[in-house]
Amino acid sequence: MKNQAHPIIVVKRRKAKSHGAAHGSWKIAYADFMTAMMAFFLVMWLISISSPKELIQIAEYFRTPLATAVTGGDRISNSESPIPGGGDDYTQSQGEVNKQPNIEELKKRMEQSRLRKLRGDLDQLIESDPKLRALRPHLKIDLVQEGLRIQIIDSQNRPMFRTGSADVEPYMRDILRAIAPVLNGIPNRISLSGHTDDFPYASGEKGYSNWELSADRANASRRELMVGGLDSGKVLRVVGMAATMRLSDRGPDDAVNRRISLLVLNKQAEQAILHENAESQNEPVSALEKPEVAPQVSVPTMPSAEPR
């Protein structure tokens with residue numbers, strides 16, 4: 001028994017593998033994070049030192065569609081070659097040339113932003129003043145193609161003027177004097193127009209009519225604005241429209257057609273009015289050279305055989 005062989009027991013032990021390589025993966029993630037942070041602060045620094053003109057060019061670059069860039073459409077630059085230009089030969093026009101931003105379009109956007117801010121200021125003024133808040137149904141403020149339009153509308157229960165005259169009622173006076181200082185906040189000029197209903201005068205169009213009444217009411221509104229503090233020279237035009245531009249489809253004699261329209265003009269509308277009333281630079285027709293008339297040559301014709 002002592003010489004009996006005992007079975008050999010083999011024990012396999014797994015050696016613990018070193019995780020040194022895995023433990024260093026955080027360094028890669030940290031390096032990526034630091035690279036991203038460096039790129040972020042680099043972009044912020046470049047934005048802070050860039051001029052407004054350069055910022056506009058950068059924005060236009062990122063707004064350029066990929067299809068436009070591939071097909072060679074209108075890009076941020078007008079160069080004939082995608083390769084940046086260089087060299088000492090200034091007579092060559094090929095190469096990358098900076099495209100100037102559309103200054104006129106930028107001015108229009110800024111002006112539109114000013115008009116929207118003015119509308120917000122007027123709404124805030126109306127809401128903050130209990131007296132004006134009660135008159136909110138008589139005010140209509142909207143943005144139109146010519147600028148910001150403020151309409152003060154009449155009603156049967158509360159007219160703006162005394163019947164058939166240009167005497168301003170107290171509530172109308174309060175509105176005009178309250179909005180006058182707000183209008184001084186922007187450089188845009190103003191056009192005032194008076195409107196009436198279609199109810200005719202007994203004397204007809206030959207005497208005092210709705211034309212005179214609408215013009216007188218518009219001018220009376222101008223005076224109240226000046227009393228309220230409107231800057232001199234702010235008003236560009238005062239016109240009377242009579243009943244030619246109805247506001248409501250309920251009838252030509254509806255009370256809402258009696259109104260004062262105050263238009264804060266944008267630059268384009270202002271230039272159109274100035275051009276309309278400017279002295280014409282064209283030469284009179286009599287001063288123009290007469291076109292030369294080619295000499296007429298008479299050609300004998302053959303007599304027709306039969307009348308048709």
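Note that Cβ sites are derived from N, Cα and C of the backbone, with glycine treated the same way.
The compositional bias 'Polar residues' annotation in Swiss-Prot covers 90-101.
If you look up Swiss-Prot, you'll see 148-268 marked as domain 'OmpA-like', on the strength of sequence analysis. If you take every residue in the domain 'OmpA-like' (148-268) and average the pLDDT, you get 87.
Look at Swiss-Prot and you will find 73-101 (among others) tagged as region 'Disordered'.
Look at Swiss-Prot and you will find 277-308 (among others) tagged as region 'Disordered'.
According to Swiss-Prot, the topological domain 'Cytoplasmic' annotation covers 1-27, on the basis of a curator's inference.
The annotation topological domain 'Periplasmic' is assigned in Swiss-Prot to 50-308 on the grounds of a curator's inference.
Marked as transmembrane segment by Swiss-Prot on the basis of a curator's inference: 28-49.
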Could you put numbers on the helix, strand and coil content of the domain 'OmpA-like' (148-268), residue by residue per DSSP?
40 helix, 27 strand, 54 coil
Long-range environment of the transmembrane segment (28-49) - Cβ separation under 8 angstroms, sequence gap at least 6:
55
